[in-house]
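Remarks on the structure that follows.
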Amino acid sequence: MIGDIRETKECQLKDPMDLFHSGQVVKICAPMVRYSKLAFRTLVRKYSCDLCYTPMIVAADFVRSAKARDSEFTTNKGDHPLIVQFAAKEAQVLCDAARIVCPFADGIDLNCGCPQRWAISEGYGACLIYKPELVKDMVRRVRSQIDNPKFSISIKIRIHEDLKRTVDLCQKAEAAGVSWITVHGRSIEERHQPVHYDAIKIIKQSLSIPIVANGDIKTLKDAENVHHLTQADGIMVARGLLANPAMFAGYEETPFQCIQDWVDIALEHGTPFTCFHHHLMYMMERITSKQEKKVFNVLSSTSAVLDYLNDRYGV
């Protein structure tokens with residue numbers, strides 16, 4: 001990380017809020033555990049993605065351990081604008097983490113939406129939507145302790161069953177100085193149920209800061225429809241970009257040039273084999289037969305994958 005970070009110091013950091021003031025819907029790559037790392041962010045930026053998030057990082061570990069910092073956060077001069085997402089439950093710990101990344105990123109995001117049991121049992125993620133005063137304090141403290149006024153502080157939330165509580169949470173965060181709010185339109189209990197886009201629209205109408213819509217957006221047409229339904233200022237995509245990193249550029253399925261780009265970028269970044277292979281499995285899901293998947297998905301080395309792609313597709 002340190003080498004990459006030194007390089008970043010020489011580059012011009014960006015103001016993510018400029019994107020929201022551009023008049024265009026902001027296209028965003030979601031924070032995804034294991035997947036939204038530097039190499040993948042580099043790929044989606046080639047295909048019209050405006051803003052990228054890191055995977056969620058536990059702020060306390062990040063502050064405490066140099067090893068955690070080196071393994072969890074890598075960037076370079078082309079990786080902007082960049083938001084670092086943290087899981088935190090104490091305002092000062094979040095501030096300390098924000099101070100560490102401030103010279104190398106364009107903002108931080110507080111995860112208030114992760115529904116996984118381990119996160120909630122530790123006091124992180126979606127349980128924070130039930131603690132609006134704590135969220136408000138965390139946002140305000142980061143605002144007061146980071147000198148750079150262009151450094152953004154955002155939050156990503158799920159919704160309550162009672163939407164009034166969500167609007168109250170969002171208004172408290174807005175009053176504390178939050179830059180924008182990403183709303184995953186499901187409650188903590190909901191996994192595969194339809195997304196409540198109507199709830200995102202009500203939240204948008206209740207605030208004056210930018211709102212980003214998230215949930216079940218798999219194509220550029222989906223993104224346009226969700227924008228139309230919610231009037232959100234940005235669209236955040238997770239699995240849709242895993243399946244098709246060129247989605248925001250208007251491709252309906254992953255083009256072979258994108259697969260070629262991933263191979264080049266992943267090899268250049270020294271991406272571990274499992275991650276390299278998993279991304280390709282996602283990208284090729286829609287363009288390979290069941291028989292081809294049976295062969296490709298059990299390949300066990302980078303060289304075997306490269307040989308397969310070259311023999312079968314000329315990649």
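Cβ coordinates come from backbone N, Cα and C, glycine included.
Residues annotated as domain 'DUS-like FMN-binding' in TrEMBL: 29-292. Here TrEMBL flags P31, M32, V33, Q85, H184, A238, R239 as FMN binding site. The active site, proton donor feature in TrEMBL is assigned to C114.
Taking a C-beta cut-off of under 8 Å and a sequence gap of six or more, R239 (FMN binding site) has these contacts in its own chain: K218. Residues near Q85 (FMN binding site) in space but far in sequence (CB under 8 A, at least 6 apart, same chain), listed by position: P31, Y53, T54, P55, M56, I57, I108, D109, L110, N111, K156. Taking the Cβ of C114 (active site, proton donor) as reference, residues of its chain lying under 8 Å away and at least six apart in sequence are, in sequence order, M56, A87, I120, Y124, G125, A126. Across the domain 'DUS-like FMN-binding' (29-292), the model assigns an average pLDDT of 97. For M32 (FMN binding site), the same-chain residues 6+ apart in sequence whose C-beta sits under 8 angstroms from its C-beta are P55, A238, L242. Counted over every protein chain shown, other Cβ atoms within 10 Å are most numerous around A238 among the binding-site residues V33, A238. Overall, the recorded FMN-binding residues P31, M32, V33, Q85, H184, A238, R239 cover a maximum inter-Cα distance of 17 Å. Long-range C-beta contacts of H184 (FMN binding site), restricted to its own chain and to partners at least six residues apart, with a cutoff below 8 Å, comprise G113, K156, I157, R158, I159, V195, N214, G215.
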